[in-house]
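Student: One structure is given below, represented as structure tokens, and several questions about it will come after.
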């Protein structure tokens, strides 16, 4: 967010957009929505709420019945739809790869339509396959059916990015892959976005995915009605109304674990023991550290098991005491994933690994529980939420120095805005804002109850 | 039989070539027409239904009767032969083209549109290549079937091997009449097999490895 100079994305504004089919109730009704440049905005909501329709109206796969679509200040409602779509990346479930074309040809489709020369297309294709962690030498000439679901999905993302579009539309892209692959793809998307700063609009029915990937979340109800537009933190901490609460489901606190990463919490440091080293020396190190157990690392510094002092005393050189292995989580995983890994392994701790699987530390269930306490007390930053409502009022564009366009409700629209506040956001403004104010006035010393004493506790463990 | 063949070798070869060329050219013409009709119909249930029924009914018309009826408007010779052979070629291909095109995954079509392919480009670069193996199967059926129909075209003095069969049959019991019929039939079977082999080869060359089963 702070690197606005690096933003390559474009601001999108849907202006009072309606889509109706025949005489039935409109699928999307009078929707005005700003999507800020360079940010990931998640559309979530129950099926049939109009979130996919809204997405497809941005690239005009579905033509809006009325209203305007403005991308970076340019009205695109009347331009040639094919030209528009070549400027917008589009990813669908299972990648939507053309089965009769090779992976390379699939990725090169849009550049080819834009009449790039062959050499440039080839270079760009290889570059993109690299970006999504597929070796071009191996995968360029394969056909989609020779790839796994996760790999196909990655090629789908690479294809969407081929002509370097400022906007990427993703329609439930990770819906059809298994949970483990989905987790990996989500993490890769986070990395890709950290590098590219595109404007991403992402439709999902999975609220957890929205929390994990989104800078902003729009919660839709039937007819494309926006129930709440805010950051994941805001929505989890202050759901606007009952619908949003129901949609988040139980365990909002637990879901906030999806917001915190393993690298953000304090890890424990256990003494490390190398495979094959002298057992007595290792046992001494454990004694010095007052630790009962240590982590066994292989020659690449990857954690492979736990070992206790008692075990070490029975050995001459360090070998693995059992083949159980050790649950590991990446340091950029969410606490949610970390907890899941530990529960699945039936262990109260897991080793944390960094780049190339190198050992970084140990995370325990206690650390996670402390983090939950911390999170529910953590203050939610005041941020100005982008425009999003269904009242028909149209915001005014302002262009910042770096060329990023933002929208605001005009001053003379104050009355309409008030109306809007009293209708859509009533509950948030009356009850929650009250709570929120009470809460922010809390004494900060009381506020950190969950943190300090416990950290001291773990400090003594580490000592 | 041996002397019969060696005496008329050149005549047999040229008739076989004419027969082959008649069927092959009509096959190409029929494929183009069938794809055009299918492209027009496949997105509309009613039109597809009509096209399917027409091709089903069309196949039940006896070819001998149809070719006879063609004499009045088109006279004798190549014109009625080409018309009738193309007509019979058209039906199985049309049917398969409809099945093939409507069997293309709609989400793929939408993905292609979503990345900016025009409607026409989507048809020629996505839908047609994906439906192609099915269309080709229809072409093989047509090729086999119209080998026989092309023989009947000798009735209107059309080109091909039909003349051997008809002249043999009309004077059955006479000198060389049996040899004449057998020569015609065997030659038709042989060129049918050759054409089928060529179509299989065409399939290998024009079907992407990505969709080969």
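Placed from the backbone N, Cα and C atoms, the Cβ positions cover glycine too.
Look at TrEMBL and you will find B:16-199 tagged as domain 'ABC transmembrane type-1'. Sequence annotations record features per position, and here TrEMBL assigns transmembrane segment to B:20-42, B:54-72, B:78-98, B:149-169, B:181-202.
Can you tell me where each of these features sits in this structure?
Tutor: Outside the transmembrane segment (B:20-42), and at least 6 residues removed from its termini, the chain residues within Cβ reach (under 8 Å) are 48, 50-51, 81-82, 85-87, 89-90, 93-94, 97-98, 101-102, 123, 128, 135, 138-139, 142-143, 146-147, 150, 153, 158-160, 191, 194-195.
For the transmembrane segment (B:149-169), same-chain residues at least 6 beyond its ends with a Cβ under 8 Å from one of its own Cβ atoms are 12, 15-16, 18-19, 21-23, 26, 63-64, 67-68, 70-71, 76-78, 80-82, 84-85, 88, 176-185, 187-188, 191.
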Student: Counting only residues 6 or more past its boundaries, what in the same chain has a CB within less than 8 Å of a CB in the transmembrane segment (B:78-98)?
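Tutor: Apart from its flanks, the transmembrane segment (B:78-98) reaches 22-23, 25-27, 29-31, 33-35, 37-38, 41-42, 48, 51-52, 55-56, 58-59, 63, 66-67, 70-71, 131, 134-135, 137-139, 141-143, 145-146, 149-150, 152-153, 156, 158-160.
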